[in-house]
Structure formats: C-alpha cells, structure tokens
Amino acid sequence: MRSDAMKTGLARAPHRSLLKAMGLTETEIERPIIGVVNAHNELIPGHIHLNNLVEAVKAGVRLAGGTPLEFPTIGVCDGLAMNHVGMKYSLASRELIADMIEVMAMAHPFDALVFIPNCDKIVPGMLMAAARLNLPAIFISGGPMLAGRYQGRDVSLSTMFEAVGAVQAGKMTEQELAALEDCACPGCGSCAGMFTANTMNCMVEALGMGLPGNGTTPAVSGSRVRLAKEAGMQVMKLLQENIRPLDIMTATAFRNAVAVDMALGGSTNTCLHLPAIAHEAGVKLDLNTFNEINRRTPQICKLSPAGSQHIQDLDEAGGIPAVMNELYRHGLIDGSALTVTGRTVADNVSGRVVSRREVIRPVEDPYSREGGLAVLYGNLAPEGAVVKKGAVLPEMMRHEGPARVFNSEEEAFAAIMGKQIKPGDVVVIRYEGPRGGPGMQEMLSPTAALAGMGLDSSVALITDGRFSGASRGASIGHVSPEAAAGGLIALVEEGDIIAIDIEAGKLELKVPEEEIARRRQNWQAPPPKITGGYLGRYARMVTSGARGAVLE
C-alpha cells in the first residue's frame, strides 16, 4: 500500500505514534488510508451541508474496510464574490485548490481519495488534482439546490440578478424585489439552474469520475446521502482493482463530456475548465474540438437561465444517465469509456428511460440541431470566443452595432445602471482577461442587468472576461487574445461597428486594416492592476482563456 510509507516498519514507529495520538487503533492503521477531501465552509450555500456527506462517505469507506482521514480545501462563492474585487480571485482559486490537494496527498501518502466538491471552481480544481495525482479516486458532489417559488413560478439566483435590472428599469418594485430575495434560494445546494456549478457536477458524471446521479440528485435528498455512502464503498473497489483517474479521464471521456455539455446547454465556463483538466491528464482539448462536437450534437435540454426548468426537473426526467443514453443510442458519445463504477458508459446508461420528454427532448426533435455552446472566430477573436448559444434570443443570433467601450466591469455596470446603453449597442468590456483583470471576472451583473431591463433582445456584450453560467443573452466571452496581451479588443474605439454572427461562428470588427495598424502603433499595454500577492503571481503565470487559463 502507498500508505505504508507513513505507517509500516521499524522506522515508522514515530509516525504510528502520531496516528495513535488521533485515536486510531492498530486495526485502523493497518487498513488502507483513504483521504477525504472536504470543501465545506460556511460561506457557500452549496457547501454548507458537505459535512453531512463527508460523514456518509466515511461510513462507506469503513463499511468496505478502509480508514478515512479528512482534510479541507478552500472554496469561493461566486455569487457572494460577484461584482467586486472578490471575483478576481474566483478563477484563480481553481489552481490553488489543485495545488493544495497535491501538497496534502503527497505529504501524506493516502492510498486513494474521495473528493467532495460542489461549486464553481472547486469541482474543476479537484478534478485537476485527481488527474495530476492519479491515485484511485471518486467524486461525490454536494448536489443542486431546489428552485425557489415566487408568485407561482420557479425562481433561482439568476432571477435575483435580473431583478436588479428590472427594478432599475421600473419594471419591478423594491418591495417585490425584497419578497423575491426571501425565496429565490430556499436552502443548501449549488444554485438551481444549469449554471457553472451544476454543469461541472454533470461533467464529473459525464467524464466517469462520479457515480450515476452525481450531477442532478438534489442536495436535500436522502438519495444524495446514500450516494455518498456508495462512493465511500466504491473507492475501495477502485483501489482493489487499481482503477485510476487517468484510466477514466481519457481523450474519449473528454469528448463524451463535451457532447453532454452541448446537449445540456451548459455553462461557457466548461470551455475553460475541461481544457484545464485535460491539460493535467495529458489530453489535448481545445476550442476547435468544442466547435467540432457542437456542430454534430443537438441541444436536447433547455434549463435555466435559457429556459424555465431547473436541475430538479432534469433529475426527475432521468438525469445525466438518460441524457447520455439518448446520445449513445444515436452514436453521439462513445460507450466504451471506463467509469468509476468499474463498468463502461454503455453499461451505466443503456436502458435509462426519459420520464419527462419536455425536459429531455429526443435527438430527433431537439431544441436546436447544434449544441448549446458556440465558438466564434474572426479578427476580434483569432484564438476564439465563446457564447452560450442556447441562451441567446433568435433575434440576436446576428447583430451589428456600435461599440460602447469600457475598460472594466465596474465602468460598464455603472453605465448600464445609469441607462446609458441603448438598443442596438455592443457593450465591450476589456482588460478583464486572465492576465488583465487579473482573474477573468464573471460579468453576471452587467448581463443580468441588461436582461432585467429587457435589453437582451437588442444589445450584445463582448469581453475578454467570462460569464456566470447564469448569464443569458448575446454575451460573448473569453475573447482571445485578451486586451492585456495586445488582442484586437484593446484597439476597439467608441462607435466602431462590430458584427456578430453566432450561427456562422463569426466575430468581426468592421474597421479598415490601415486604421487598425495605426491604432496598434499607438497602443501601449497598461500597467498591471495588481502586482503583489497571489493575484500578482497569477497574472504573471496565467495563459490565454483559449487554453483554459492554465498556469505556466
């Protein structure tokens, strides 16, 4: 056993004394030592209940003959970090999480690991660590929050962000906003729509790193606790059979995950996280692959923010196994990929029935013939830009309008709330990329304000930053190269015409080449916004959003 390095033999008597100091018996020390990575904290609704799942995981490990030992990691709540300096730290926390887990698992030689994440950057950070360490491992996520209820309809956090814009536009009163505030997020779990956290938890299942049900079983369900116990038991089987993350997270598994992502209409943040996880696994996954799979994979689900349904509806409809079976039956995913069940994707999903066809449509009758995400290219984004196509209104699939240029999210949000943005405009938010931000902030507040004001049908927004999975509308992010790296977005001037064609995958600045060359001669990179601390180091080491914003 790997853990023998800290517990077996004469020279390890001091080590055993330390283990005994924590109350471990000889029998417990002799058993396989299983690290339980707990992302619990009291800041994230999606993580507030994780200690209960940790205890269930430990029970499962013990039932299967192992000794569980728990350690923590950090987690940022993107909702609480939104629209202030805290959001600069969100994406950057992903690398910290992976690094911290590496430190703990290398300093203390566990035999296997159980990862317990739930929210936005914690899931990919843990998947990166799992690939890097390549110890037998399994994931059990915290599960989705139930949707709230307001005036007879389902609501969630995205409803709250859009309500801010509705109040500003006079479409909603502050009293109505306060009433909505009390019921939009009814309890624990990752925010209820197909936002980033739930998209990534579904990706855990699609990649094969979580048991069936991991992506959609509600946080408050007894089924989630049972799933945690099963995960604790299953990690012992993975250890016994020596099945490791790199046996599971293969090129085939990543292509399957992208196909599931397209079918779900998931968050654009998968275009950052899946390539970063693949990078750790030694698998090439770029935006061209996303584009290729998008072109052949129909969108068969349309959950909030693109539609009115939430993750609980997807769970009732059959969950990710039903979605994957729908794709598998039509040759859109590869059933031979191995999973943490010890069986293949085909074994796991074959025969899974769709019980609510209004939630999971047939491949023959999809919401759209292509996937829910699209990659755009053009002179504004030669390395690519990303849009949640499934959440764009039909009238905004093609748009041409004058640029309204802002050098920060804060400037843009103030202009939107000040009613300075008019129908037809293209809002440009730059110097918010991985390096320029630094940290590639999410632009949920600006996009939600536009939607709440009713401008999502006439205004587009492009940025070298990124978006929350709760954003909707013609919100085009990850523009690469970013402004701080000298990308063309840095040279856009107020009033320039920008042409967007999402169906054709085009993003163009309509300015003559001679004028662009003149502007480039006069352009100078602005000084870094932050030079010290972790963010300063991050800004110096981070790569393009087109590469997953990994560190080099």
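Positions of Cβ are set from backbone N, Cα and C atoms, glycine also.
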Mg(2+) binding, same site as Asp78, Asp120, Lys121 - Swiss-Prot member from Glu432, Glu442, Glu482: Glu442
Residue, out of the binding-site residues Asp78, Asp120, Glu442, whose Cβ gathers the largest set of other Cβ atoms within 10 Å: Asp120
Tertiary neighbours of Lys121 (Mg(2+) binding site) (same chain, Cβ under 8 Å, six or more apart): Gly75, Val76, Asp78, Ser90, Leu91, Ser93, Arg94, Ile97
Candidates Cys119, Cys191, Ser468, namely the recorded positions, that fall within 10 Å of Glu442 (Mg(2+) binding site) by Cα distance: Ser468
Shell list (Mg(2+); ref centroid = CB of Asp78, Asp120, Lys121, Glu442; cutoff 8 A): Val76, Ala81, Met87, Ser90, Leu91, Cys119, Thr196, Ala197, Asn269, Ser468
Separation of alpha carbons, Ser468 (active site, proton acceptor) and Cys119 ([2Fe-2S] cluster binding site) (Å): 12
Helix, strand or coil at Cys119 ([2Fe-2S] cluster binding site) [DSSP, three-state]: coil
